[in-house]
């Protein structure tokens, strides 16, 4: 989504309103706002100026998109015009996260059997998220409220959803019995999502493949339903000829999908730079974004393999969420770098959580690794939320709009 939403008064004017659009801020609201806001604005004046000039560009369509368009068009017409697009997105994300956390609660090591209704809830939660995520842009155009903030918010929610979706899938097939495969599948998912925006940072255009997010989500929904129908015996059954367990089949599909997608992504990354001398949209090296995701995956792999207490094997869900929050933040920063045509800096507070785990192992687990993992999880989550809230509030204030509310006023022109 791009363009401009309806205007509003800035926070701090004669009738101060919260940037998130919930009206007058109470004392508690002010305290929370300070707690979840960075001490200094994350974006510079020049970045905000370039953000205003940003225009959303996409190319291609996936296999199922034409079939789903009719349903999405029908669904968006059922949504009241006063509901903000970002509110639609955050509702879908919240449902997706809550249903996945149910599975995490029942299956903390991804080897247990959850109640059947939990798998059904997870399948429904993912379908709801897919549906709402697909119509937020349509709602923005329908209400003439498109903005760069809407595009950023949409991608930000997707980055977090990716973490929970891949984790929920691994739990559904009980992949915790094969920790190496679970590690690969979870980090392959976040890596591919990062690469999708990496090539956008290079080329300026978000490209969709024949097999893309919609198709993968439908496949995952089917796997949740198979967990309901077949249960553990189904995933533990052997595939004839291949002589592997059924649960390994989705992992092999992930390998194939990673190779296929990354081939297309890196073709664009190495040849599609729109900046000077084939550089990124910001004029930086096309390889520079690799340092961030490469650091995350390298740290995750080293800590996994060097743990003396089998930290990942015993607590895979906590581990994936910890590094997933880190990946989500650096992906969000990549999206911001693309939309503001700016450089990505490697130094980031997102790496503090993984660094704590690494240093604890370096000093022979001076503190119980499980305790440090919880500290890293909480810090990484707080760091992600703090950054996202700060960016959204700053952009909303700059564009004179609300994050979660459409203000009735003279509509601005659409760019999406």
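Cβ atoms are placed via backbone N, Cα and C, with glycine included.
According to Swiss-Prot, the protein has these features:
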type: ACT_SITE; residues: 155; note: active site, proton acceptor
type: BINDING; residues: 86, 151; note: CDP-choline binding site
type: BINDING; residues: 133, 154, 158; note: Mg(2+) 2 binding site
type: MOD_RES; residues: 18; note: phosphoserine
type: MOD_RES; residues: 40; note: phosphothreonine
type: REGION; residues: 1-20; note: region 'Disordered'
type: SITE; residues: 151; note: site 'Increases basicity of active site His'
type: TRANSMEM; residues: 89-108; note: transmembrane segment
type: TRANSMEM; residues: 116-133; note: transmembrane segment
type: TRANSMEM; residues: 156-176; note: transmembrane segment
type: TRANSMEM; residues: 180-199; note: transmembrane segment
type: TRANSMEM; residues: 210-230; note: transmembrane segment
type: TRANSMEM; residues: 246-267; note: transmembrane segment
type: TRANSMEM; residues: 286-306; note: transmembrane segment
type: TRANSMEM; residues: 315-334; note: transmembrane segment
type: TRANSMEM; residues: 349-363; note: transmembrane segment
type: TRANSMEM; residues: 368-388; note: transmembrane segment
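Structure coloured by features recorded in Swiss-Prot.
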{"residue": "40", "record": "phosphothreonine", "DSSP class": "coil"}
{"residue": "86", "record": "CDP-choline binding site", "DSSP class": "helix"}
{"residue": "133", "record": "Mg(2+) 2 binding site", "DSSP class": "helix"}
{"residue": "151", "record": "CDP-choline binding site", "DSSP class": "helix"}
{"residue": "158", "record": "Mg(2+) 2 binding site", "DSSP class": "helix"}
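Here the C-alpha separation of residue 155 (active site, proton acceptor) and residue 133 (Mg(2+) 2 binding site) works out to 10 Å. Against the transmembrane segment (246-267), stretch 156-176 has more CB pairs under 8 A than any other of 89-108, 156-176, 368-388. The stretches the transmembrane segment (116-133) and the transmembrane segment (210-230) are in mutual contact, each linked to the other by at least three Cβ pairs under 8 Å (pairs 6 or more apart in sequence).
Within the same chain, the transmembrane segment (180-199) packs against the transmembrane segment (286-306): three or more Cβ pairs sit under 8 Å, each pair at least 6 residues apart. Remote same-chain partners of the transmembrane segment (286-306), defined as residues 6 or more beyond its termini with a Cβ less than 8 Å from a stretch Cβ, comprise 179, 183, 187, 190-191, 194-195, 198, 201-202, 269-270, 273, 278-280, 312, 319, 323, 326-327, 330, 333-334, 343-344, 346, 348, 351, 354-355, 357-358, 361. Other residues of the chain with a Cβ within 8 Å of the Cβ centroid of 133, 154, 158, the Mg(2+) 2 site, are 89, 93, 136, 155, 156, 157, 161. In this view, residue 86 (CDP-choline binding site) is surrounded by 32 other Cβ atoms within 10 Å of its Cβ, with every protein chain counted. Around residue 133 (Mg(2+) 2 binding site), the same-chain residues at least 6 positions away in sequence with a Cβ under 8 Å from its Cβ are 89, 92, 154, 157, 158, 161. Panel annotation: around the transmembrane segment (156-176), residues 89-90, 92-93, 96-97, 99-101, 103-104, 107, 109-114, 119, 122, 126, 129, 133, 182, 185-186, 189-190, 193, 213, 217, 220, 223-224, 227, 232, 235-236, 247, 250-251, 313, 316-317, 320-321, 324-325, 327-328, 331-332, 335, 384, 388 of the same chain, lying at least six beyond its termini, place a Cβ under 8 Å from a Cβ of the stretch.
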